[in-house]
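Record features, source Swiss-Prot:
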{"type": "BINDING", "residues": "9, 57, 85, 91, 102, 112", "note": "ATP binding site"}
{"type": "MOD_RES", "residues": "91", "note": "phosphothreonine"}
{"type": "ACT_SITE", "residues": "115", "note": "active site, pros-phosphohistidine intermediate"}
{"type": "MOD_RES", "residues": "122", "note": "phosphoserine"}
């Protein structure tokens, strides 16, 4: 079963949107395999966003993601990466469709509530950055018989 990494960013945590976001993925039928509230260190932020290191907004990105707690999650299910991207909406909340997370709650590109893996490779990399093997729980979701 495919896995993806999602993270409610500091703005989403401060605005108390964790429950709403988790509910959307549970309602969709996906399985939560790992979750934790954590403070991202500068080192972890720089590693996580290393692909943007040469971009002018890199420093602001690191400052923002380390400015408060985040809620890191691992979700599992069929096509979870692509579906999560659709559920999140476009990066710029002003361009995101209504009923997406960013369309409903996002205000600006810099504070857009949620991060999600964009590929299977990114998901694997991000999951191992934020979670140890022992923090990912493997279990059979009984509702899967009704979903898949």
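The backbone N, Cα and C atoms fix where each Cβ goes, glycine too.
The DSSP secondary structure for residue 102 (ATP binding site) is helix. In this structure the alpha carbons, written CA, of residue 102 (ATP binding site) and residue 122 (phosphoserine) are 20 Å apart. If you take the Cα of residue 85 (ATP binding site) and the Cα of residue 115 (active site, pros-phosphohistidine intermediate), they are about 9 angstrom apart, rounded to a whole number. Per Cα geometry, 9 is the residue among the recorded positions 9, 57, 91, 122 nearest to residue 115 (active site, pros-phosphohistidine intermediate). Between residue 9 (ATP binding site) and the residue listed as 'phosphoserine', the C-alpha separation comes to 17 Å. Under 8 Å, Cβ to Cβ, and six or more positions away along its own chain, residue 57 (ATP binding site) finds 110.
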